[in-house]
Structures are given as C-alpha cells and as structure tokens.
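Peer 1: Pasting in a structure now, in structure tokens, and then I'll have a few things to ask.
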Amino acid sequence: HPADFQDVNHMVIFGFGFFLMVLRRYGFSSTGFNFLLIVLGVQYSVLVEDFSVFLGVQEDEAGMRSVAKAVVSMTAVVISTGAVLGKANPVQLIVMTLVELIFFSISRCINRTFLQVPEHLSLMHVHLFGAYFGLAVTSRFPEPPSGLDKSRSTPKSDLFSMLGTVFVWVFWPSFNSLLADSKQEAVLNTYLALAVSAVAAFMLSALTSKDGKFRMAHIHSAVLAGGVTVSYTADTIQHPWIAMILGLLGSVITILGSHCLQRCFNLALKLQDTSGVHFTFGLPAVLGAVACVVLCVVEEGIVEQWNDLSSLGYLVFVDIGAFCQTISTALVTGLITGLILNIKLLKAVHVSKYFDDQLYWEVSLKLISD
C-alpha cells in the first residue's frame with residue numbers, strides 16, 4: 001500500500017538520518033550521506049532485483065512492491081553505515097552500498113532457493129546482515145586514537161539522535177508489516193513489543209546507572225529493540241503477551257550488551273562500533289531468530305501433537321540454517337568489503353581526520369566551535 005511505503009520511506013530517510021547524528025562534529029555527514037546512499041541504493045537495488053528476474057532466480061513482481069523491497073533492503077546499508085560512521089569517505093560508502101546490496105541479495109536468494117524461506121522473511125534478516133556486515137567492515141579500518149574528542153557526543157547531537165529514534169520507533173510497525181501476509185497482526189505485535197521495550201529501557205537505564213538517572217545512550221538504542229526482536233514473527237504471533245515478552249527481552253539484551261560488549265568484546269577485537277549497531281540491531285536480531293525457532297517448535301508441537309518429528313525437525317533446520325547462512329555471509333563478505341575499501345584507489349581517510357564534517361562540507365566557524 002502506498003501509505004505503508006511512505007511510512008517506511010520516512011523511517012529510513014528521516015528517522016535513520018537523524019538516528020545516526022551521534023557525533024558532535026559529524027551531523028552534516030550523518031544526515032547528508034544517509035540520504036545520498038538511500039536514493040542511490042534504492043535505484044541500484046531495483047536494478048539488482050530486475051537482473052535476478054532476468055536470470056530466472058526470482059519471480060517478477062509489481063513495481064511498487066519491488067521499490068518497497070529495495071527500501072527495506074537499504075536498511076542493511078544504513079545499519080552498516082552506523083558501524084563505520086565517521087571513518088569512511090563518501091566514495092567508500094558508495095562502494096560499500098553497491099557491494100553490500102549485491103551480497104544481501106545473494107544471501108536472500110540462497111535462503112529462498114535452498115531453504116525455502118518465504119520472501120518477506122528473507123528480507124527480515126536485514127537487521128542481522130546489516131549489523132554483522134558493518135562490524136566486519138569496521139574491523140578493517142585503523143583504530144582511532146583513544147579519547148578522541150571528535151568521537152564524543154554533545155547534548156545537541158544526542159537530542160537530534162533521539163529525534164531520529166522517535167521517528168524510527170513510530171514507523172517501525174509499518175516496516176514489519178510492509179510485506180507481511182497478516183498486516184494487522186504484524187502492526188499490533190510490533191507496537192506492543194516496541195512499547196514494552198521502551199518502558200523497560202527507561203527502567204533498566206535508571207537501574208544500571210550509578211546515580212539512578214536515565215542515560216540517553218540506553219534510551220537511544222534499547223527502545224527500538226522490540227521492533228527488531230519481533231521482526232521475524234510479527235505476523236505469526238497469536239497472543240499479544242508473547243510479543244510483549246520479546247520486547248522486554250530485546251531491551252534487556254540491548255542494555256546488558258552495551259555494558260559488556262563495549263568494555264570487553266569491542267576492546268578485544270579492536271572494533272570501533274561508532275553507533276553501537278551490534279547491541280542495537282545485531283543482538284536483538286539474534287534473539288529474534290532464536291525466538292522464531294522456539295515459537296515454531298511450540299506451535300508445531302501443539303498443532304501436530306509431536307507426531308511428525310521429521311516435519312518439525314525440517315522446519316527447525318530451515319530457520320537455523322537461514323540464520324547461520326545470513327550471519328556467516330555477512331561476516332565473510334564484510335571482511336572482504338573492508339579490505340576493498342582500504343585500497344589506495346579509494347583514498348581512505350587518515351585517522352586524525354575521522355569524525356569531522358570539515359573534510360567534506362562547507363562548515364561555518366561558529367558551528368565548529370559549538
């Protein structure tokens with residue numbers, strides 16, 4: 001439906017554009033480059049889909065649905081951009097966009113062809129693919145100096161980022177229901193999961209901070225966890241309380257993940273996950289994939305009374321196989337893309353010039369001093 005498509009378009013361009021404004025001197029680039037990559041990537045993704053139809057690996061679909069799938073696919077690129085934010089120049093980001101869309105299309109094709117995953121479910125792996133592809137890419141970039149002032153946020157950048165978060169939150173039910181079979185159930189379950197994750201985010205933020213105050217970084221990431229977690233099962237959940245539990249678990253794993261991963265995982269692997277996409281999108285997506293398997297087992301067990309274990313085992317194998325294939329492809333292709341982006345031809349940015357708009361935009365001295 002055109003209205004649903006516009007909701008998702010607003011979410012991806014406006015919502016994610018401001019969502020990425022987490023750096024004090026990288027606001028122009030966060031919103032501007034996001035817009036450029038999306039309008040370029042949607043056109044490119046439509047061409048990739050048409051080429052897949054030409055090769056016979058995919059059925060031809062109506063124009064509006066094809067564009068809608070392209071916008072959803074671009075979410076993977078936006079999430080990956082959050083991981084390398086401030087470190088890649090525009091040419092590198094464009095190359096990453098073109099390469100990632102091809103690899104994501106191949107990953108979806110494998111899931112559809114060999115694992116018989118439905119079309120809309122193969123697209124819902126977008127969060128998982130985007131997060132781990134971005135982490136793999138950013139691991140190939142030089143690590144910036146510790147304590148770099150430009151890598152910090154300010155109250156103004158946090159406010160703009162929260163504005164983007166609110167927009168993404170509002171439009172997320174449309175995102176999960178855009179290509180779903182049961183749109184009303186998808187909207188209802190997504191909204192409930194988002195609402196619970198938002199409440200849990202405020203509670204957990206106050207509980208985990210030393211002085212009992214809310215932390216904007218927690219709210220910024222954890223309020224979206226519910227939408228990511230129910231993305232696989234939004235249109236199949238029959239009981240609202242299940243969606244609410246998934247929203248709660250998504251918020252918990254996001255905030256706990258932000259504590260543990262930033263202090264241990266990122267330091268050990270020397271990852272500079274600029275926007276925290278791993279615990280904002282990656283971990284909730286993993287939780288959602290696990291929940292999809294569990295709910296499948298429980299539902300089939302109730303319906304079939306555990307009589308046909310071979311059929312149940314096949315369904316579990318398909319879900320686990322699609323998850324493993326997606327995350328493996330994202331990591332391997334992300335590492336390859338990271339190596340490509342650092343060749344001399346693309347003129348990688350020196351670490352001393354990371355996280356700075358001045359390199360690409362005309363910026364007034366007053367804005368720099370602010």
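Please read every residue number as a count from 1 along the shown chain.
Glycine is no exception: its Cβ is also placed from the backbone N, Cα and C atoms.
The following feature annotations were taken from TrEMBL:
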type     : residues : note
DOMAIN   : 5-345    : domain 'Ammonium transporter AmtB-like'
TRANSMEM : 7-27     : transmembrane segment
TRANSMEM : 33-55    : transmembrane segment
TRANSMEM : 91-110   : transmembrane segment
TRANSMEM : 122-139  : transmembrane segment
TRANSMEM : 159-179  : transmembrane segment
TRANSMEM : 186-207  : transmembrane segment
TRANSMEM : 241-261  : transmembrane segment
TRANSMEM : 281-302  : transmembrane segment
TRANSMEM : 314-343  : transmembrane segment
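I'd like to know what surrounds each of these features in this structure.
Peer 2: If you look at the transmembrane segment (33-55), the same-chain residues 6 or more away from its ends with a CB under 8 A from one of its CBs are 12-13, 16-17, 20, 61, 66-67, 69-71, 73-74, 77-78, 81, 90, 93-94, 97-98, 101-102, 105, 109.
With a threshold of 8 Å between CB atoms, the same-chain residues lying at least 6 positions outside the transmembrane segment (91-110) that come near it are 33, 36-37, 40-41, 44-45, 48-49, 52, 57-58, 73-74, 76-77, 80-81, 84, 122-123, 125-126, 129-130, 133, 137, 325-326, 329-330, 333, 337, 340-341, 346-348.
Beyond the ends of the transmembrane segment (122-139), by six or more residues, the same chain brings 69, 72-73, 75-84, 87, 96, 100, 103-104, 107-108, 111-112, 176, 179, 228, 231-232, 269-274, 277-278, 280-282, 284-286, 288-289, 322-323, 326-327, 329-335, 337-338, 341 to within a C-beta distance below 8 angstroms of the stretch.
Listed as Cβ neighbours of the transmembrane segment (241-261) (distance under 8 Å, sequence separation of 6 or more from its ends, same chain) are residues 188-190, 192-198, 200-201, 204-205, 208, 217-218, 221-223, 225-226, 228-230, 233-234, 273, 276, 278-280, 283-284, 287-288, 291, 295.
Packing against the transmembrane segment (281-302) from elsewhere in the chain are residues 79, 125, 127-128, 130-132, 135, 224-226, 228-233, 236-237, 242, 246, 249-250, 253-254, 257, 311-312, 315-316, 319-320, 323, 327: each is 6 or more residues past its ends and has a CB under 8 Å from a CB in it.
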Peer 1: Give the mean pLDDT for the domain 'Ammonium transporter AmtB-like' (5-345) on the 0 to 100 scale.
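Peer 2: Averaged over the domain 'Ammonium transporter AmtB-like' (5-345), the predicted model reaches a pLDDT of 86.
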